[in-house]
Amino acid sequence: MKAKTDFFHMKQAGEPIVMVTAYDFPSAKLAEQAGVDMILVGDSLGMVVLGYDSTIPVTVDDMIHHTKAVRRGAPNTFIVTDMPFMSYHASKEEALQNARRIMQESGANAVKVEGADEVVDMIAALTKAGVPVVAHLGLTPQSVGVLGGYKVQGKDAESAKKLLDDAKQCEQAGAIALVLECVPKQLGAAMARELTIPVIGIGAGAEVDGQVLVYHDLLGYGVTRVPKFVKQYASIQETIVEALANYVADVKLRQFPEPAHTFTMKEEEWVALYGGKQG
């Protein structure tokens, strides 16, 4: 398993870091087999897996439950788990308690928090307590209501400078990496140049230190709207629906199960049970 120091070395060597989300055992197992460097158990599971309209309803218990499954599927991959909405805002004590639960109960290697300003103090407190923290700036889904929807952030000089300053504060507070979402490619490149920690982009251009995408988005699985920054490498949803429809048809036509899928009893046992009569 890679350690957090390995990601610093990858940045220094110019080797892109590959991160993908996973929310359950099979997806984590496949991600590890594919050779990803990091897995993010994102609170996006609220929308992707649990069917919520946003990430807001997701709880610490949800994150622990899903991370435990991911750890079982990917025992040798560095796992980052989101701290969900309002689990690190009320007080440092509450943030520490929730982070402790995630780290101890789920098997995560690090936690991720969104935003800057007052969150920077939480990053510092968690780091001081020995919890590795990944920061998340740009489009932060937990704050989408405040941001006015799912929009590109940092498009003008003033807001871009604010994001760059925020990133530097997160780094100074002890963050081990930064997820940068939905910003102009120029800002992504500047962040990667000016920060010593790895900058992992999602819609932040190609010149950052790594990329992260949502598992279901890149595989075309259960998604209705694909963000501009997503490249779909497959469309397994169509394959799944076709397979299920074929199963339905076969059962309705009594074409499944076939002899190859059934079990038989020895004739003498059948005679002993029913006297040779059909049951």
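Cβ atoms here come from the backbone N, Cα and C positions, even for glycine.
What Swiss-Prot records for the 3-methyl-2-oxobutanoate site is Asp43, Ser44, Lys112, and among Asp24, Asp62, Asp82 the residue it adds there is Asp82. Note: the Mg(2+) site is recorded as Asp43, Asp82, Glu114; in the same chain, Gly42, Ser44, Thr55, Val58, Met83, Pro84, Phe85, Lys112, Val113, His136, Pro141, Gln142 also have Cβ atoms within 8 Å of that site's Cβ centroid. Here is what falls inside 10 Å of the CA of Asp82 (Mg(2+) binding site) among the recorded positions Ser44, Lys112, Glu181: Ser44, Lys112.
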